[in-house]
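Enquirer: As annotated in TrEMBL:
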- 21-43: transmembrane segment (TRANSMEM)
- 55-75: transmembrane segment (TRANSMEM)
- 104-129: transmembrane segment (TRANSMEM)
- 283-306: transmembrane segment (TRANSMEM)
- 312-329: transmembrane segment (TRANSMEM)
- 336-353: transmembrane segment (TRANSMEM)
- 365-394: transmembrane segment (TRANSMEM)
- 406-429: transmembrane segment (TRANSMEM)
- 476-495: transmembrane segment (TRANSMEM)
- 507-523: transmembrane segment (TRANSMEM)
- 529-548: transmembrane segment (TRANSMEM)
- 560-582: transmembrane segment (TRANSMEM)
Amino acid sequence: MNPASENHKFKNHQSDMISSAYLQRLTLLTAVEGLVVLMITFMKPSEPDAAKLLGFSYERLILGAITLVVVLLFLSAHQSLRKKPDTDPFIKDYQRFLHTGDHVFFVLIGCIAGVLLSIWSFVFSWLFIPANLRPQILWLGIFFLQATVLLLRYESQSIRGGEFLKKYRLLPRFADLSKNQKTVLFVLVAFSILYILILIPSNINGTQSPEAFQHYGGDEVVIYPILMDVMKEGETFSATLYHLFIYEDYHYGYPFYAWSALVLLPVKLLNRANFPDMISINLPLLRIFVSVIPVILACMIITWLFTRFNHILLSLAVFVFLLLTPGTLQNNQGFWHPDGLNLLFVCLVLYFLQRDRLRFGRNFYLAAVCTGLSIGTRLYGFFFVTAVAVYLIMGLSKKNLRFRTAIFRGFIFFVLMCATVLFVDPFLFRADARDRMVEIMQEKSGEMAEGYAGDYDPRNDYRPGWDAWYPAFEDHYTEMFCFFFLIASLLFGCFYGKFQLAHRMEFFWFLMIGGYLIFFVAVKSTQYVLPVLLPLMGTIFSIPLAIQSGKTHAFFQKKWIQISAWLLASSIYLAQLTINFFKILPRFR
């Protein structure tokens, strides 16, 4: 049997017949477009002081020469395909490659990424990419767009097939969920809607007028003018882009401002004249869509990681436990900040690593992208270094990877992570913006290590160390009896039960970020702890769930052990939930 057909999991009856025609069209069309680009490149002479030969600069001549070489390569490929349309070994190799493993998916994603990168580069040719490259950038984007369209057309039976969509979807398919899981999802969504409605009054506090907003104070008073400047239209296209991407205050990454601007875009389009003064609309929207909803989504992911939505009451209990924590509510009530988004990105990293299940495929690389998003927003993603290293070592120990392959996969993870950071924080390409960011980071590092100068600190909180941090944990998240039980639950889940991988990734994440906060950070801002303790709190029922799964030592299968585990976990859960309830009650009076 033909090897290509053996590896072709998603049957495509058209591609074997027309793949050569597809490549012929693509190569010829691309070559013609390249000739047009070549004409545009030399349409205008260079500035007199830059012109070196024939009225053009050396840079322009080199660019034109490279363009011509690429055009000739495409023409040569086209001629080769015309002479031997279906017998060319390249065609067979192409078919074999495309229909093996995940290659269809990766080629499609690569083409889409090429389109997005070209658009990104074209836009930023008005800021920091040389303007002379615009024709070539446009050509590259058109090439990737054509490749995407033709791939979708000629591989339509593969890509649109049920098996393909089922295999490559980012989230579990609703139809694949069990009846219990569907019920849990509906219940959590209903509770989330109720939760948002209950928080609306507290999220309109201080938004009645600009004066009330100034009196309300907090970080929002500093951040809001920056967002308004980001959304400000300049006198020229370049000026508008500068406002949009080079915002000059780099305490928080661009994803925070980009999402905030997107949330307010409809408001601005409906009322351009008074947009900055519409605080009574803008601030509640920002607080709900940038702070509250990302936290809710993150809590859903945490609940899924450690319960899989298999038990209605249990999943709801964990979800409520996370959302009614004093620290969570402090973030969700009248507080527009990037920490909700950062928490969501952190939880997505944990989710995709768990979903990959040591296969080192697309989910592993999606985890890299989410790590980059967390770094680009709040720098937290750097602390996944140990979790990812351990994940690769686990792949080696399970013989899912060879050492050389592990190095390669880790390198690709690192490259994707860095590329994501650069893509979502484009100001990094400007030297002046980088210098300003480094200056801010150095200043912030000093504050984190020593505290805010001049702040009232009666408890001497502004110091690192366990003695300084555990009261902050108790004030806003968990009492110590619950905290140490959660640590025990996390460790137990690392070795027993069905969700060992999720627990192990959470353990190494918690070890790194928790260790950094406790031993190197003096400032006890509540939102800093969200990505540290909320995923940990999701393990509250890990011990009884692991025992119930049957994947434990025979000793734990004794009936009295199972009952005791449930009683202990439930008692600690109810005790901490009751304590939290009385702590949050004054916030609603």
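For all residues, glycine too, the Cβ spot is worked out from N, Cα and C.
Keep in mind it's a predicted model, so treat the numbers as computed, not measured.
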Enquirer: Go through the chain and flag residues at least 6 beyond the ends of the transmembrane segment (21-43) whose CB is under 8 A from any CB in it; none is fine as an answer.
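Expert: Answer is 56, 60, 63-64, 67-68, 70-71, 74-75, 77-78, 81-82, 85, 91, 94, 132, 135-136, 138-139, 142-143, 146-147, 150, 154.
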Enquirer: Between the transmembrane segment (560-582) and the transmembrane segment (104-129), are there three or more C-beta pairs closer than 8 Å, counting only pairs 6 or more apart along the chain?
Expert: no
Enquirer: Any chance the transmembrane segment (283-306) and the transmembrane segment (365-394) are in contact, meaning at least three CB pairs closer than 8 A with a sequence separation of 6+?
Expert: no
Enquirer: When only pairs 6 or more apart in sequence are counted, do the transmembrane segment (476-495) and the transmembrane segment (529-548) reach 3 or more Cβ pairs under 8 Å?
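Expert: Stretch pair touches.
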Enquirer: Would you kindly check 55-75, 312-329, 365-394, 507-523 and say which stretch has the most C-beta pairs under 8 angstroms to the transmembrane segment (529-548)?
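Expert: Result: 312-329.
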